[in-house]
Amino acid sequence: MSRLATRFEQLKSQQRKALVSYVMAGDPQPQVSVPLLHKMVEAGVDVIELGLPFSDPMADGPVIALAAERALAAGTNTLDALNMVKEFRQNDSETPVVLMGYLNPVEVIGYEKFVSHAKACGVDGVLLVDLPPEEAKEFDVVLKQHDMDQIFLLAPTSTDQRIEHVVKQASGFIYYVSLKGVTGAATLDVTEAAERIAKIKTKTSVPVGVGFGISDAASAKAMGQVADAVIVGSAFVKPFATLAIDQAVEQTVNKVKELRAALDELV
């Protein structure tokens, strides 16, 4: 059983919800990332999404886009991000790690080379934001050869046809985007999300996580009631835009604790 499947099974047996954290690799400095990931796991993160810095992150709001700029300015590239996972794995062989990024850098490296190296470093799955399921078959074949999961996005605007494509191909978990827009946007419609997630879950046993717009205990708890996982990015990344590194790490870890406590109230 994959690390993702194992983690979701464990949580399900405990009637707990997964807290999935997004961190941009190399933000604000490459040496910050691995210690930060360990601290976040210690504070209650169940699954890590590691962002691959890219110069044109079209699906991301200003917080994540600026994080990508900081990481790139610090010299972080895609292979550096994979090596961070390798370093993380020296002390953590259990927490699933999913890479989240864009297609272009992966195509430049080549599917086989990228996936085999990612697997060797200890990566469990990949979410390429701009690779729709209809065009993802070739990449999926390579991932499956290496026992890795391909994570797909679904949104309030997804057609029935897109939902069918995703539930057929997805493994690990499905990432439901709770807002029409970019990451870190402001307003959440819990009722609409609940209806859409319920519809998706009638078609698949793959866990469904919900993200975009979750930034505090109240929104985490609300979404935790309707999904298997709550995915948080901007709220963890934001402190690094303005604070000294130590302060930013502390604030991010405290945010993890706040959200973990909120989700555990649902047990």
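Going from the start of the chain as shown, residues are counted 1 onward.
Backbone N, Cα and C define each Cβ position, glycine as well.
Following the DSSP three-state reduction, the secondary structure of E49 (active site, proton acceptor) is strand. Around the Cβ of E49 (active site, proton acceptor), the number of neighbouring Cβ atoms within 10 Å comes to 26. For E49 (among others), the entry in Swiss-Prot reads active site, proton acceptor, with the evidence type sequence analysis.
There are 25 other CB atoms within 10 A of the CB of D60 (active site, proton acceptor), with all protein chains counted. Residues annotated as active site, proton acceptor in Swiss-Prot, with sequence analysis given as evidence: D60 (among others).
A Cα-Cα distance of 14 Å separates E49 (active site, proton acceptor) from D60 (active site, proton acceptor).
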